[in-house]
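Contents: one structure, followed by commentary.
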Amino acid sequence: MQRLHESLIQQGLTSELQQLILTLAECGVEISRLVRGGALAGVLGVAETENVQGETQKKLDIIANDLIKQKLAANPLVKGIASEEETEVVAANGNGQYLVCFDPLDGSSNIDINSLVGTIFSVLPAPEGEVNEQAFMQPGTRQNCACYMLYGPATVMAMTTGQGTRMYSLDPDSDEFILVEERVEVPAETGEFAINMSNQRFWQAPMQRYIADLVQGKEGPRGRNFNMRWIAAMVGDVHRVLSRGGLFTYPQDTKNPTKPFKLRLMYEANPMSFLVEQAGGKASTGYERIMEIQPDQIHQRVAVILGSKDEVDTCLRYHSEG
Ligand code: AHG
Ligand code: MN
Ligand code: MN
Ligand code: MN
């Protein structure tokens, strides 16, 4: 049995990166406790506020955000933070060497139905000089670490520092993350996909054709049946992909003409792409590798197609055909 801190030592990470990851894990332990408390912890329901994305915030969005902000600010290694729930990036410790982007609570709409939610982190190296939005504008290939915590029947953490993807499970007795899978591998082929089908009429032509062929099953050009799963929390859907393969997508749509994409590059798409690629999967917008996008805004959104490599490649072929 290997505890998180032992596994970080074994990976040969710098003591700075080890310490930072332990702080991220602590955030996960505390949010996990709050989530488990549910109505009794007074964390359910909506707040009166709206975030920069135009979403009504849930109480837990704000509680998790404040908790992470405090923990990160107290770690001298953190120079700046960016969060889904913060309009601007926030400066932390001048001498810190890391920038941390996070989605404090992913899957907010699941909170009140007692379904899956999680937290997503992306760690970037901090450049010299001031902490401003520009400092964060680094492609996902520069990430030092990506991880998510999923507050499911068990609380788990998937983590990568670029040496494969590891899975940990939270021991509820000791409040410690224990390594449960040293090398997560996403199978190249899959018979499972995840997409919000209610947006079908708003997708672009390539996604329309790809999904239409999948749902035709055995009788269609794919010659086999596919199964559909949708958790409505990216952490849940990506966790399924890491656990048994699959294709997860949130494609471009025209439902809201001012918002063609749903998922945010810096604290959703990039960290999840890193975790999936490090487990042998693939992550693309349909036209380019997500982690190679040069960002220009902290809250920018992208199309996401990720998961089992061969199935992502098949989906990309529909895109290259226009
Ligand atoms: P968040 O709760 O952090 O705002 O993110 C929600 C995202 C993502 O987790 C999920 O894949 C997607 O929204 C769900 O979208 P639908 O509302 O279309 O199901
Ligand atoms: Mn949100
Ligand atoms: Mn999210
Ligand atoms: Mn969120």
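Placement of Cβ uses the backbone N, Cα and C atoms for every residue, glycine included.
According to TrEMBL, the feature domain 'Fructose-1-6-bisphosphatase class I N-terminal' maps to 10-182.
A C-beta separation below 8 Å, combined with a sequence spacing of at least six in one chain, links LEU105 (Mg(2+) 1 binding site) to ILE31, LYS58, LEU60, ASP61, ALA64, ASN65, ILE111, VAL117, GLY118, THR119. The Mg(2+) 1 binding site annotation in TrEMBL covers GLU84, ASP103, LEU105.
Per TrEMBL, the feature Mg(2+) 2 binding site maps to ASP103, ASP106, GLU268. Sequence-distant contacts (6 or more apart, same chain, Cβ under 8 Å) of ASP103 (Mg(2+) 1 binding site) comprise SER83, GLU84, THR119, ILE120, ARG264, TYR267, GLU268. Under the DSSP three-state reduction, ASP103 (Mg(2+) 1 binding site) is assigned to strand.
The feature substrate binding site is assigned by TrEMBL to ASP106, GLY107, SER108, SER109, ASN196, LYS262. The C-beta environment of SER109 (substrate binding site), restricted to residues of the same chain at least 6 apart in sequence and closer than 8 Å, consists of ALA232, ALA233. In the three-state DSSP scheme, SER109 (substrate binding site) falls into the helix class.
Per DSSP, the secondary structure of the domain 'Fructose-1-6-bisphosphatase class 1 C-terminal' (186-319) breaks down as 59 helix, 23 strand, 52 coil. Per TrEMBL, the feature domain 'Fructose-1-6-bisphosphatase class 1 C-terminal' maps to 186-319.
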Revision key, fill the gap. Apart from the site residues GLU84, ASP103, LEU105, the 8 Å Cβ neighbourhood of the Mg(2+) 1 centroid comprises ASP61, ALA64, ASN65, SER83, GLU85, PHE102, PRO104, ASP106, SER108, THR119, ILE120, TYR267, GLU268
Review point. What residue among the binding-site residues SER108, ASN196 has the most other CB atoms lying within 10 A of its CB?
Key: SER108
Check your understanding: Given the binding-site residues ASP106, GLU268, which one's Cβ is surrounded by the fewest other Cβ atoms within 10 Å?
Key -> GLU268
Check your understanding: Which of the binding-site residues ASP106, GLY107, GLU268 have a Cβ less than 6 Å from any atom of ligand 1?
Key -> ASP106, GLY107
Study note, to complete from the structure: Counting every protein chain shown, other Cβ atoms within 10 Å of the Cβ of GLY107 (substrate binding site) number 21
